[in-house]
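**Q** I have a structure I would like to understand better, so I am pasting it below and will then ask my questions one at a time.
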Amino acid sequence: MTDKIAVLGAGSWGTVLANLLVENGLNVALWTHNPKQIPEINETHHNQHYLPDFVLHDCLRATTDLAAAVAGATVILFVVPTNAIRSVAEQVAPLLTDQQPIIAHAAKGLELNTKLRVSQVLTAVLPKGAFRGPVVISGPSHAEDVATRDITTLTVASTDLQAAQTVQKLFMNDYFRLYTNTDVLGVELGAALKNVIAIGAGALHGLGYGDNTKAALMTRGLAEITRLGTHMGANPMTFIGLSGVGDLIVTCTSVHSRNWRAGNALGQGEKLPDVLAHMGMVVEGVSTAKVVHELAKDQDCDMPISEGIYQVLYQGAPIKTVITDLMAREGKPEFDFGLTLQNASKQV
Ligand SMILES: NC(=O)C1=CN([C@@H]2O[C@H](COP(=O)(O)OP(=O)(O)OC[C@H]3O[C@@H](n4cnc5c(N)ncnc54)[C@H](OP(=O)(O)O)[C@@H]3O)[C@@H](O)[C@H]2O)C=CC1
Ligand SMILES: O=C(CO)COP(=O)(O)O
């Protein structure tokens, strides 16, 4: 029997992933909380707001009925923004039967206030023993490029390797390739933290900085992502993988990135509320910057670039002043993870 997959969230990424699964021959229910999308997706095969130029597969079906979407699903994939995960999971929790579906998500952020990763939110909200996973899908993958079948590689992570392998098989095709990883912490931190750095990359572009500066930001951004990640117990290798440097590269260089575009607009002098209002899609790095600011303090971990971006977003610091201050910091060795690597090796 064909697997049924429930995809929760019909924004850019949920729609494209659901469409890909239909192309892979699976039975897919795409859940949206917006009734306007139902005739659009089911009859005219479009998602006008999020993917205006993309024609969806004839067989893709959307529904606003969450119970119908998850009934009989072997995999339930959450693809709403990080700060909506908890409320959607609370609605799913009473609908889980004894079939133990795999719970997966493709969100890239950290929850405001709790500072939790998305898999931690799902584990906290969904009834224990009622699901397998959670499984995390991450990596360099803009929806617009997957929609045109650009070759794309991702990481699929879970401590339940069999669940990760099941999800891997469902998604793989001739343009979409996934690699398994068991380091959920490293994968989720890499995914969330790169969005903050991508805002910085866009800002540099908006201000007219050149390629040296952008390479500096990405490399030193990766250094501080790795510093915090290994400090918290992630496998350092994860940060040189697809969900680490891979996603950092695509998000810091692609015009499709909402985080990069938001940074670019800030660099050109737009105000943050205007930038967010014009975007009409989630810019995860904005709320994640706030969480990273708090997490770095809790963990006593130096995150100077992310902190600078936090100062720009939340304290009105001029970007040029932040850059000047970063350049004026005392000289340091390039690598400083010696002790924390020992810490991380306990996890590997
Ligand atoms: N776009 C991409 O290329 C990629 C995105 N991601 C990640 O996937 C996640 C989702 O992003 P993406 O699809 O791009 O976001 P979008 O902004 O494109 O779409 C968000 C979707 O979530 C819905 N939504 C928001 N809040 C709720 C809620 N409380 N209940 C139900 N639905 C809700 C929105 O509905 P409505 O329109 O009604 O508000 C919309 O359909 C993010 O964490 C992002 O980082 C990961 C990889 C690639
Ligand atoms: O994570 C992404 C690509 O891998 C999407 O990035 P944005 O949310 O910045 O568009």
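Backbone N, Cα and C atoms are what each Cβ position is placed from, and that goes for glycine too.
TrEMBL entries are annotated by machine, without manual review.
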**Q** Just to be sure I read the record right: Lys108, Gly139, Ser141, Asp247, Ser257, Arg258, Asn259 are listed as binding sn-glycerol 3-phosphate in TrEMBL. Which of Lys36, Lys194, Lys297, Lys320 is listed for the same site?
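**A** Answer, per TrEMBL (sn-glycerol 3-phosphate site with Lys108, Gly139, Ser141, Asp247, Ser257, Arg258, Asn259), from Lys36, Lys194, Lys297, Lys320: Lys194.
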**Q** Taking TrEMBL at its word that Gly9, Ala10, Gly11, Ser12, Trp13, Gly14, Arg258 bind NAD(+), choose the one of Ala130, Ala143 listed for that site.
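**A** Candidate listed by TrEMBL for the same site: Ala143.
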**Q** How many of the residues that make up the domain 'Glycerol-3-phosphate dehydrogenase NAD-dependent C-terminal' (183-323) does DSSP mark as helix, as strand and as coil?
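**A** Final tally across the stretch: 112 helix, 0 strand, 29 coil.
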**Q** Filter the binding-site residues Trp13, Lys108, Asn259 down to those with CB closer than 6 A to an atom of ligand 1; keep them in sequence order.
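**A** Going through Trp13, Lys108, Asn259 in sequence order, those close to ligand 1 turn out to be Trp13, Lys108.
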**Q** How many angstrom lie between the most widely spaced Cα atoms of the sn-glycerol 3-phosphate binders Lys108, Gly139, Ser141, Lys194, Asp247, Ser257, Arg258, Asn259?
**A** 15
**Q** Could you work out which of the binding-site residues (Gly9, Gly11, Gly139) has its C-beta surrounded by the smallest number of other C-beta atoms within 10 A?
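**A** Lowest Cβ count within 10 Å among the binding-site residues (Gly9, Gly11, Gly139) is Gly11.
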**Q** Between C-alpha atoms, which of these recorded positions comes nearest to Ser257 (sn-glycerol 3-phosphate binding site): Ala10, Gly14, Lys194?
**A** Lys194
**Q** May I ask which residues of the same chain, at least 6 positions away in sequence, place their Cβ under 8 angstroms from the Cβ of Lys194 (active site, proton acceptor)?
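**A** Expected: Lys108, Gly221, Ile225, Gly244, Asp247, Leu248, Thr251, Cys252.
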**Q** Of Gly11, Trp13, His33, Ala143, Lys194, listed as recorded positions, which ones have a Cβ less than 6 Å away from ligand 2?
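**A** Once distances to ligand 2 are taken from each Cβ, none falls under 6 Å.
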